[in-house]
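Reviewing the structure listed below.
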């Protein structure tokens, strides 16, 4: 069955608005579930388990928006011009990915500007999978990436959450491979009992209709991880 884009929420007028919208979304979702499932508590719990939350983080310019757009892209769908589809995220975007079965994977992509990153923890609750995108071709911000990763690992709300690190922009000259990114971020020191960590190399082709095999692999891993939770 084809993959389908179920919903898109774009917040681009500032992070404060983004956080407020996120809170409103969660309140609306809870009320909707309550209204839909009133008198059917057991069904409610079953339906809730059929949706998984994937949180996508990374510094500004790491390529999150392009990756997410292509991960949820319908197979065979024509590309929209890159200057309209792949704008950097200022607040947050929400898209949903499904292979026609269950569960539905809700992908929350949060902006990566320095002014935005301090609000990341507002989105940690109920995260099932954490995706951290790294610009593997940019050596100047590695210390910041390391600092952000360690901060994420120290938050109790992300305890035991599987982590998928994407060494992005592999098509760029000088890009570090998966093994090198793993060493730079000291990912091997993360106890397996604490987090399941996987590093993948990725690259995108926003100027063509073709989705790179590395992006298809990320899609496959996200769906597989979600189905085993």
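A Cβ is built for glycine as well, from the same backbone N, Cα and C atoms used for every other residue.
Just so you know, TrEMBL annotations are computer predictions that nobody has curated.
For reference, TrEMBL has these:
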BINDING   58, 59, 60, 61, 62, 63, 64, 65, 112, 168, 169, 170, 171  GTP binding site
BINDING   65, 89  Mg(2+) binding site
### Query
Near the Cβ of residue 64 (GTP binding site), how many other Cβ atoms are there if near means within 10 Å?
27
### Query
In sequence order, which residues at least six apart in the same chain have a CB under 8 Å from the CB of residue 171 (GTP binding site)?
203
### Task
Note down the number of other Cβ atoms within 10 Å of the Cβ of residue 58 (GTP binding site), including every protein chain shown.
25
### Query
For the binding-site residues 60, 62, 65, which one has the sparsest Cβ surroundings, going by other Cβ atoms within 10 Å?
60
